[in-house]
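*Asks:* This structure is in structure tokens; I'll ask about it shortly.
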Amino acid sequence: MTGPRTPNSDDTTRLKADVLRASEMPGPRALGRAKTARVTSGEVPTLEPQPLSRARTTRFNKTIFTKPTTDAVQSLTKPQVTDHDFQSTMGVILPARFCGLEPIHPHSTFMRNWDVLSIVLLFYTAVMTPFETAFLTPGFGTLFALNTLVDLCFFLDMLLRFFLVYFDANNNMWITDAKLIVYHYLRGWFLIDFVSVLPFNTIGLMVTAPALGRLRFMRILRLFRLMKVVRVVQDASVFRYWEVKMSMNYATLSLAKFCFFVFMIAHWIACMFRAVADFETNLDANGNRYNWLTVHYMGTDALIDCEVLVQYVTALYWSVMTLTTIGYGDVGPATPSERALSIVCMVLGGGTYAYVVGGVCRILSAMDAATSEFHQTIDTLNEFCRHNRLPSDLSSRLRDFFFSSRSLLREKKNRDLLLAMSPGLRGEVALYNNQWISKIDFFSCSDDRERSQFITALAMVLRPECFPPSEAVIREGEYNTKMYLVERGFATRGKVMVGAGSFFGEDIILTYRQRNVPVRAFTYLHVQILTKFDLEDILSSGLYPEILRNIRGKVLKTAFKNNFVRLTEKMATMRRMDTLRQLSCSVATPSSPEAATGPRPSMLSQPTSTKTAQAPAAMNVM
């Protein structure tokens with residue numbers, strides 16, 4: 001007799017393996033024991049007043065601060081002080097007042113805004129002071145009032161320096177003691193600031209003595225204010241604040257700085273060239289003034305008496321010719337003093353020209369490093385095709401692939417940037433850019449912290465890949481070692497089309513087995529690949545208990561589902577085979593009544609023969 005077949009023992013073995021794999025995954029209690037210490041956010045801890053060691057100097061007999069003692073391990077250091085918490089924590093160092101005013105932190109919002117105003121005033125001084133000294137006659141007017149206002153602002157800046165906290169690099173702490181701040185400023189920038197705020201233009205207008213008639217040229221001493229630029233540049237936090245607040249293209253910023261540098265050099269040289277004419281007293285044979293101005297206008301004083309704008313444009317014209325090393329034409333030096341200045345300016349111009357041209361070329365070549373690297377890759381590919389004598393059709397397909405997978409270069413650079421970030425910032429960026437990972441049901445998690453850390457870990461192991469059209473992504477019979485997350489393009493999964501935002505190969509959470517559904521790229525397909533080994537390494541860290549529970553549940557459901565479907569299909573196959581066997585037997589048996597019931601027994605036959613004749617029919621029914 002023939003009965004239903006039993007399932008193959010391989011199916012039972014695979015089911016047991018999947019269940020065993022799920023049961024061997026560590027549970028929540030084991031994960032809790034294995035969980036490592038997490039890095040907390042870098043907040044400034046609550047600080048308590050701590051005693052600081054003191055020492056007396058023999059030179060000034062003043063109290064100064066040395067390095068904190070072992071009891072003062074919580075004293076403020078430079079990285080700990082922020083704009084928000086300084087006002088509440090600077091008393092920890094030393095509560096001090098000067099003239100009833102609190103010390104001012106250089107990183108406070110007020111000082112940052114004041115530094116911006118100071119930079120604007122410095123730019124005004126750098127442009128207007130040389131121009132005013134060389135081209136204008138001192139007098140009361142709008143420009144005088146504006147200069148007075150600028151002088152007042154710089155005077156206030158000098159006063160603020162007496163209250164400005166400074167950082168002592170030797171002791172690694174901020175100093176807020178009033179006496180130490182004043183002493184630090186007096187031996188530093190005070191003399192330059194004091195000379196630069198003297199009202200030389202007002203003094204020149206008040207003094208009428210002929211001997212002091214040239215006092216207007218002493219206004220050039222106000223250019224000492226430009227030394228403040230050095231102080232601002234030394235304090236990198238001024239520029240760092242705005243670099244953080246604004247998105248800047250450093251190549252464009254560098255080009256702008258080069259243009260500004262060239263303009264300022266040309267402007268200053270033009271002012272010096274014009275000022276030399278006023279210092280000289282050379283006369284020609286007729287007793288007329290003799291300098292580059294009169295020579296340019298054929299021995300007349302017309303240019304000296306013409307508008308200031310015409311004089312400035314002519315001097316700037318000569319300055320630009322000198323800087324660009326073009327050579328002199330209609331405007332040139334006429335006296336020994338002017339020729340000496342020209343020699344200095346030509347040497348300066350040659351160096352400036354080489355510096356600017358070299359810098360601009362370097363910036364233009366580095367404006368888009370990814371594009372330059374891609375062009376170099378294409379050149380290498382073309383050389384490779386020529387060296388190996390590849391067919392033109394294959395070479396074209398290779399170039400087409402590299403052009404379509406150009407984004408992979410940026411993906412590699414983005415990965416390097418992520419590696420350079422702190423764990424917290426890396427998690428925020430990964431969480432923002434990889435929200436689609438949470439759409440995978442067994443990667444979802446109710447704990448935001450665990451979810452963000454898991455997404456960060458996954459983002460660091462995902463590997464970008466590109467497949468050209470009609471190329472196999474998953475082949476039939478391939479083992480389940482990779483999971484694919486589609487970023488761009490379309491692919492066919494069996495008879496189903498998948499696109500951006502979808503994924504396939506999620507069976508990597510199961511035991512090793514062969515895949516029976518092929519996947520092929522329909523267009524250029526950009527995917528992120530997660531390998532089975534990377535996923536196991538992440539889960540084995542013990543940091544993601546809830547996600548691990550979800551995966552365990554998914555493993556059990558998928559294992560039972562796959563094996564149930566497989567068993568059902570085999571049972572259906574066996575039933576179909578039995579049905580076909582029955583049909584084949586019925587076709588081979590005659591259709592007459594005698595054939596159906598067997599030959600009629602004779603009167604002489606034994607009774608047992610009837611049972612024997614009915615046996616084949618009974619077997620067929622079974």
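Heads up, the Cβ atoms here are built off N, Cα and C, so glycines get one too.
Remember, TrEMBL labels are computer predictions, not curated facts.
Just lifted these from TrEMBL, have a look:
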COMPBIAS  603-613  compositional bias 'Polar residues'
DOMAIN    442-539  domain 'Cyclic nucleotide-binding'
REGION    22-50  region 'Disordered'
REGION    588-622  region 'Disordered'
TRANSMEM  116-137  transmembrane segment
TRANSMEM  149-169  transmembrane segment
TRANSMEM  189-212  transmembrane segment
TRANSMEM  250-270  transmembrane segment
*Asks:* Test of understanding: applying the rule of at least three C-beta pairs under 8 Å (pairs 6 or more apart in sequence), is the transmembrane segment (116-137) touching the transmembrane segment (149-169)?
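*Replies:* In this chain the transmembrane segment (149-169) contacts the transmembrane segment (116-137) - 3 or more Cβ pairs sit under 8 Å.
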*Asks:* Mind tallying the domain 'Cyclic nucleotide-binding' (442-539) by DSSP state, helix then strand then coil?
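*Replies:* Computed counts for the domain 'Cyclic nucleotide-binding' (442-539) are 28 helix, 35 strand, 35 coil.
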*Asks:* Give me the mean pLDDT over the domain 'Cyclic nucleotide-binding' (442-539), rounded to a whole number.
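*Replies:* Residues in the domain 'Cyclic nucleotide-binding' (442-539) carry a mean pLDDT of 85 in this prediction.
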